[in-house]
Structures are given as C-alpha cells and as structure tokens.
Amino acid sequence: MKRVHNFSAGPSMLPLAVLEKAQAELPNYKDSGMSVMELSHRSGLFTEIITDAENLLRELMNIPENYKVLFVQGGASQQFAAVPLNLKKNGKADYVNTGSWSKKAMKEAKKFIEVKEIASSEDENFTYIPKIDANMISSDADYVHITTNNTIEGTAFRAIPDTGDVPLVADMSSNILSEEIDVSKFGVIYAGAQKNIGPAGLTVVIVRDDLIGDASDVCPTMLEYQTHSESGSLYNTPPTYGVYMAKLVFEWVKELGGLKEIQARNEKKAELLYDYVEQSDFYASPVQKESRSIMNIPFIIPGRDLDSDFVKEAQAEGLETLKGHRSVGGMRASIYNAMPVEGVEDLINFMQKFEKQHK
Ligand code: PMP
C-alpha cells in the first residue's frame, strides 16, 4: 500500500490508525450488521457515538460545563453568518482582519450587522498578527471576531487577546486541537472538521450558554445555536459518518497523550521546518517570526522561478500538495496533527536536494 505525505491545507491527511479502524469497522459496526453510514441517527449505537465524540472533545479541550458542543453542517463558512445572526444585540461587532478567511467572515457579517475592522495586517500582505489592546474594542460591540490561525497566510495568534466583557469569537478551523487553549476566554469557537478533526462535512461549534437562545428573528432555524443545543445536535440528520470519524480522531489524540503531547509534537515539527528555512539562503519565510503558524508553513524561493518545478519534483517523491495558495504563491506545507515528524524530515531532505540542484 502506497501512502504519501499529504501537505494539503484541507481536506488534509488523517491518521492511518484511524483510517484502518474505520476500515475494519466499515461493513459491520459493532455487530449491527451495517455500517455507521447506514445507522439511524436516532439509534442507540449512534447515540453512543455522538455522546462519546462530545465527551472526548470536552475532555481533550477541557471545555467548561457552561459551554455547549454542537455538531453541525455548512462548514466554517456558514458560521460566518450564524455568528452575527445568533449574537446580534446592538447590531455591531469588531473584527480583526488577518487574511482571506477573516475578510470572508467580515463580508458575510456585513449582511446582518455593522462591522468595524479594529485591526488589520493587510498593509503588509497579512504577514503578521496585529496587536490587540483592550482600548481598541468597542464597548457596545456584540462580539470581537478573530481567525486564530490563518491557513492561507501561515500566521497565528500566539496570545489570545483579552476582550473583557465583550465575547470573543474565534474561527479555529485550522488550529483547533493543535495545542492547549483556554476555552473560557472565548464566547464561541467554530471550526470546519477537515483539518484536525475528520472528513469535510462536519462543523464543530463550542458556544457559551449565555450566548444561546437570543438569535435574531430572521435567523434560519438551522443556523440557530438553540436548535442544535436543545436537540443534542439531532434536530435533523447530522453528518453521522463525520461525527463517527471525529470520535475516532479524538480517541487517537487522547491515546497520544492529549493536547499537551500533540502541541509538543506540532511545535517540534514546525521548528524543524522553520529552522531549516531560516539557515538556508535559498528558501525564505514570508511570515514575521513572532506571528508564525505551527500548522501552515509557507516558504518561498526568492528571485527564482522554481515553484512549479519544486512542487512537481516533490510530488514525484511522495510529498503531495505543496503548492502555495494562489493568492500568496510559493509553497505551503500544512502539517496538521496527523502529519508525522518523518513527513517533515522527508520534506526537509527533499528541500536540501532541490537546493543543491538549483543553487
Ligand atoms: N476559516 C479558515 C481559517 C479556513 O481555513 C477555512 C477552510 N480552509 C474556512 C474558514 C472555510 O471552511 P469551510 O470550507 O469549512 O467553510
């Protein structure tokens, strides 16, 4: 069996152990005579799966009791609308603009509320995370929105801003479960599953109790947090197989030692790659050091037109999907939880070889 090192930004690689477990359980899940895909979402076996998934996520992220975990559909992009529709009181919110996904979140929110961009790194092509001071935050804002990890630009908030009494909302699509975080600092956390959680089609929302139940009158039923909160994410048919896969991934993270251990592994992988890029006078990092993501690592070959050769030759060696996003160029290695350290080492070996050939 040939497996490659898949550096895709998402959907991205899943742990082999998880895929193998899913494969083994596929035709006959727990003697039910059917696969999880064929189980009723109201069945006892599925109730067990979704309950386990929630409890495991609560344990891994240390989610306080006064937060609900919702398993919904529509991707992180749907949360761009769901957030303003659920949290609208004064009809105003503050947004931090750190790249393409923040911009999309703002554009969508503007359909429903007044959006104030309180900080932006667009002046330097989103290569850094702007500083957020408490005095930048509007006291009458319904919430402050940040994108904790910028998948395309390769930046991440290294410290969570203190927004005082104004709820902090975070798009954590590309760094949820990658490191320890203090959930109690957030009002809402949302993430598409297709990076660190499981297959595309599932979206996880973690929301503080006091932010549920006061949605705007025009909020569609399916976007209301209350709908999913009071039904245990079973108002309609949830993405059952996605929830099952997420449960297997959560078990895998737990077995590895939880988020503390995952964070140490992720930091080590990122450090290996950044250290190599930094000592090289062939490659360079476009991102300012203190704002670097440990999940998505862009790198460039300045002054040379070698990107497509790099991507092609790397692919021939089993190093897949290293092309940078079209808006940034260069290369990007997405090294989510499932990427083993050997994948990063193989990438660095290839980079060395490529550098020697083309210098
Ligand atoms: N936010 C971020 C930070 C992302 O990386 C992505 C997807 N790559 C999205 C939002 C959009 O997610 P979805 O495709 O699940 O709507």
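Glycine is treated like the rest: Cβ placed from N, Cα and C.
Neighbour count (other Cβ atoms within 10 Å of the Cβ, all protein chains): 9 for ARG42 (L-glutamate binding site). In three-state terms derived from DSSP, ARG42 (L-glutamate binding site) belongs to neither a helical nor a strand segment and is classed as coil. Residues or ranges marked as L-glutamate binding site by TrEMBL: ARG42.
Counting only residues at least six positions away in the same chain, the Cβ atoms of LYS104, GLU108, GLY192 sit under 8 Å from the Cβ of SER77 (pyridoxal 5'-phosphate binding site). The annotation pyridoxal 5'-phosphate binding site is assigned in TrEMBL to ALA76, SER77, TRP101, THR151, ASP171, GLN194, ASN236, THR237.
Feature annotation from TrEMBL assigns domain 'Aminotransferase class V' to 5-347.
Sequence annotations record features per position, and here TrEMBL assigns N6-(pyridoxal phosphate)lysine to LYS195. The Cβ of LYS195 (N6-(pyridoxal phosphate)lysine) has ALA9, GLY10, PRO11, SER12, THR151, SER173, SER174, ILE176, MET295, SER334, TYR336 as same-chain neighbours under 8 Å, each 6 or more residues away in sequence.
Across ALA76, SER77, TRP101, THR151, ASP171, GLN194, ASN236, THR237, which the record gives as binding pyridoxal 5'-phosphate, the greatest C-alpha separation is 31 Å. Ligand 1 lies within reach of ALA76 from the recorded positions ARG42, ALA76, LYS195, ASN236, judged by a C-beta closer than 6 angstroms to any of its atoms. There are 25 other Cβ atoms within 10 Å of the Cβ belonging to ALA76 (pyridoxal 5'-phosphate binding site).
The Cβ neighbour count for THR151 (pyridoxal 5'-phosphate binding site), using a 10 Å radius over every protein chain in view, is 26.
A gap of 9 Å separates the Cα atoms of THR237 (pyridoxal 5'-phosphate binding site) and ARG42 (L-glutamate binding site). The shortest Cα-Cα distance between ARG42 (L-glutamate binding site) and any of the binding-site residues TRP101, GLN194, ASN236 is the one to ASN236.
Counting other Cβ atoms within 10 Å of each Cβ, the lowest count among the binding-site residues GLN194, ASN236, THR237 belongs to THR237.
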